[in-house]
Amino acid sequence: MAAAEKISLARANRIKNVMVGTFFTQALVSMAIIIRIPEIIDNIGLSKNLAIWGTITGLSGLGSILALVFAHRFVLRFGTTRVTQIGTLAATAIQGLLPLIGNYWIYFLATLVQFFFFSLYNNAANAQALLIQKRLNRVVLGSIHGAWSLGVAVATLISGILASFLPLVWHMGIIAAAGFVAHLILNTQMMTRDEEARSQTRVKVEKRVSWIKTPRIVWLLAFGLLLGIWPELVMGDWMTLYSKNVMQLSASLIAIPYTAFAIAMIVGRFSTAWVSKRMPVNRAGMFGGYIGGVAMLAGLLFGYYLLPINQLLAVAVQAGFFFVAGLGESIMVPAFYSAASHIRTIPATQVLARMGLVNSLLFIIAKGVMGSLADTVGLALAMIFPILAFFGSGYMQNVVGRRANKLEAQNLENYPPTGSMPVVKI
């Protein structure tokens with residue numbers, strides 16, 4: 001009788017496709033602004049004070065942390081679909097308004113609120129995706145999060161074209177309006193409260209381990225995760241500024257190096273399961289960190305020194321190296337989350353939640369440091385920070401990988417390729 005009450009497989013597949021569309025649309029909207037970041041910085045008067053820019057972009061992450069506190073309660077009360085609807089529509093509306101802001105304090109408050117809604121959406125959407133994954137009895141988070149990476153690449157390509165002839169306000173306004181309409185349509189096809197209730201499974205509540213008794217390996221993993229994700233964030237937040245201010249590229253060419261990196265992330269994320277069958281995922285992460293660091297360094301050096309010879313050649317060579325760096329970066333999240341699954345003294349859900357919270361706090365500090373470096377030693381030298389992060393994450397993958405291998409064989413199925421964020425109490 002209970003089995004008959006489950007939603008049909010056909011309906012579950014339709015919801016899965018809707019989730020793919022939702023993640024793609026949200027990436028398209030939120031990442032369209034990447035190549036216009038130099039103009040945003042000019043708008044709010046921080047072109048000569050990148051330390052403040054780095055600080056406010058870092059502190060805006062407090063909105064995400066605040067959402068982590070309330071997301072679980074909101075989902076229980078309103079359901080994953082309603083919370084996803086509120087998160088996507090609010091964040092998209094704010095995105096369209098960002099180019100109109102001319103004061104960095106107002107910009108900070110706007111992005112703080114936007115990050116709150118982004119985090120709500122991320123938590124609720126991942127929770128619904130996990131319900132669908134359980135009903136289909138197969139891993140679907142890889143394709144769903146792969147859609148996000150695809151959306152990032154498409155957003156960069158489209159924005160590179162639009163930036164050549166559209167003012168910033170019109171560019172962001174059109175993308176936000178299209179995303180808003182798309183979300184309205186997609187949201188109506190997600191799970192109903194009744195379907196969600198019938199998909200829930202009662203589970204035994206895991207014993208909560210106090211923060212004081214948290215194993216030290218959890219903090220090591222949290223710091224390693226920061227190093228692992230940092231190159232990806234720098235490519236999104238700072239690479240366009242580097243391309244404009246250091247390499248003096250036009251708006252249409254600025255997008256190319258980051259697009260190559262994003263495409264490699266897509267390829268790598270969809271290939272993680274294939275790679276894990278051939279070597280332990282943490283070993284792959286170690287190689288990814290070392291190779292990614294070398295490739296990013298080579299891309300920056302060759303791009304810079306080839307620029308006086310031929311601009312297109314410099315961009316093409318840099319994009320090639322960044323593609324390799326993107327492949328190395330794509331393995332980082334699944335590798336660290338896989339290592340987290342081998343900690344026996346604390347429930348895995350608590351490990352992931354605490355890693356996420358500590359990681360968010362570390363990001364705030366790291367973004368401030370990046371901005372200060374850009375101001376004091378110059379953006380070109382500041383790009384050493386993500387290169388060192390690549391090497392550091394590779395080393396940590398080696399350390400935690402050896403520890404994990406002593407406990408048990410890697411099990412990537414428990415932690416899907418893109419490391420979804422579970423909705424749990426911390």
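Backbone N, Cα and C define each Cβ position, glycine as well.
Curation does not apply to TrEMBL; its annotations are automatic.
According to TrEMBL, the features are:
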type: TRANSMEM; residues: 18-38; note: transmembrane segment
type: TRANSMEM; residues: 50-71; note: transmembrane segment
type: TRANSMEM; residues: 83-98; note: transmembrane segment
type: TRANSMEM; residues: 104-124; note: transmembrane segment
type: TRANSMEM; residues: 136-162; note: transmembrane segment
type: TRANSMEM; residues: 168-186; note: transmembrane segment
type: TRANSMEM; residues: 217-235; note: transmembrane segment
type: TRANSMEM; residues: 255-275; note: transmembrane segment
type: TRANSMEM; residues: 287-307; note: transmembrane segment
type: TRANSMEM; residues: 313-339; note: transmembrane segment
type: TRANSMEM; residues: 351-370; note: transmembrane segment
type: TRANSMEM; residues: 376-396; note: transmembrane segment
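Recorded stretches compared: 18-38, 50-71, 255-275, 287-307; the one with the most Cβ pairs under 8 Å to the transmembrane segment (376-396) is 287-307. Residues of the same chain lying 6 or more positions beyond the ends of the transmembrane segment (83-98) and with a Cβ under 8 Å from any Cβ of it are 22, 25-26, 29-30, 32-33, 40, 71, 74-75, 107, 110-111, 113-114, 117-125, 128, 172-173, 175-177, 179-180, 183-184, 187, 190. Here the transmembrane segment (104-124) touches the transmembrane segment (50-71). Their Cβ atoms form 3 or more pairs under 8 Å, with each pair 6 or more residues apart. Long-range contacts of the transmembrane segment (313-339) within its own chain (CB-CB distance under 8 A, at least 6 residues past either end) are made by residues 221, 224-225, 228-229, 231-232, 235, 247, 249, 253, 256-265, 267-269, 271-272, 275-276, 281-282, 284-285, 287-293, 295-296, 298-300, 302-304, 306-307, 352, 355, 390, 393, 397, 400-401, 403-404, 410-412, 414-419.
Remote same-chain partners of the transmembrane segment (18-38), defined as residues 6 or more beyond its termini with a Cβ less than 8 Å from a stretch Cβ, comprise 47, 84, 88, 91-92, 95, 98-99, 118, 121, 125, 128-129, 132, 140, 143-145, 147-152, 154-156, 158-160, 163, 168, 171-172, 175-176, 179, 182-183, 186-187, 189-190, 236-237, 240-241, 244-245, 251, 254-255, 258.
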